[in-house]
Amino acid sequence: MAARSKCQPETSRVGDFRVTWSDSHIRQIEGGNAVQLVLDQNSGCGFGSKYRYLFGRMSMKIKLVPGDSAGTVTAFYMNSDTDTVRDELDFEFLGNRSGQPYTVQTNVYAHGKGDREQRINSGSIPPQISTPTPFCGTIIISCKSIDTHIIQLRIIINIFYYVDDVPIRVYKNNEAKGIPFPKFQPMGVYSTLWEADDWATRGGLEKIDWSKAPFYAYYKDFDIEGCVAQGPTSCASNPNNWWEGAAYQQLNPDQARRYHWVRMNHMIYDYCTDKARYPVTPPECVAGI
């Protein structure tokens, strides 16, 4: 018998998440409504949702490592928890020397294939005052400073990444052209804080300064509205599904203008144009992402 899915709005608390790595470095604060992640020379740490989701809206607030964060990575991602054919959507905040902006790296794994990195200089994204139209496949993150920022992820039809309400990446569903898209495996929601000074800051030239340790990142206001998958399953297409509405499938004209502006002026790496790494352009780049 096919596994059932529970599809209803839910408001999540810290209790809906579990420690996935180094419980001695994770602390519940603010009466159990927030989490502090700690990175020191002994270990980083991480936590994840107790449930996995096929679609929906997952959001939380994050405060990044302040000051000299070079060599650190603060991550928010979804992962299918499968060993062989992995689906994953990554948002990684790559630290920098004091006073320098974070670099935002995104990546997409579909049917076991990743290596689709793009990077944006977060300090170059201007603040916006308009409220974004909700989209299926949206990650909305503000990361211009170390203040508390909102992370939001939605996924089904297409995948859209936002920074301060500005779209910085679009990964379209091109299954009709034979290009994998991560929609069949339910994914958990995860966050981690870890050391990666061999690559995170200026390609590893800037090392982590352990004299500044411990490093802290904070998460709060967990909110999940989605389809909790009880086992391997998929969401059948239905025009009555809210996530299949026209407003969830493409950028509006204003968002499209800002999206192209960011990519033309402030993208610092795109795997689609890395000819040394990919002499043959990846098919999803040719199809349009």
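Using the three backbone atoms N, Cα and C, a Cβ is placed for every residue, glycine included.
Automatic, uncurated: that is what TrEMBL annotation is.
Bear in mind that the values here come from a model prediction, so they are computed numbers and not experimental data.
Sequence annotations record features per position, and here TrEMBL assigns active site, nucleophile to Glu88. Positions annotated as active site, proton donor by TrEMBL: Glu92. Per TrEMBL, domain 'GH16' is recorded for 3-219. Annotation source TrEMBL lists N-linked glycosylation site at Asn96.
Over the domain 'GH16' (3-219) the predicted model carries a mean pLDDT of 79. The CA atom of Asn96 (N-linked glycosylation site) is located 25 Å away from the CA atom of Glu88 (active site, nucleophile). Cβ neighbours within 10 Å of the residue listed as 'N-linked glycosylation site', excluding its own Cβ and spanning all shown chains: 22. Using a 10 Å radius centred on the Cβ of the residue listed as 'active site, nucleophile' and all shown protein chains, the other Cβ atoms total 20.
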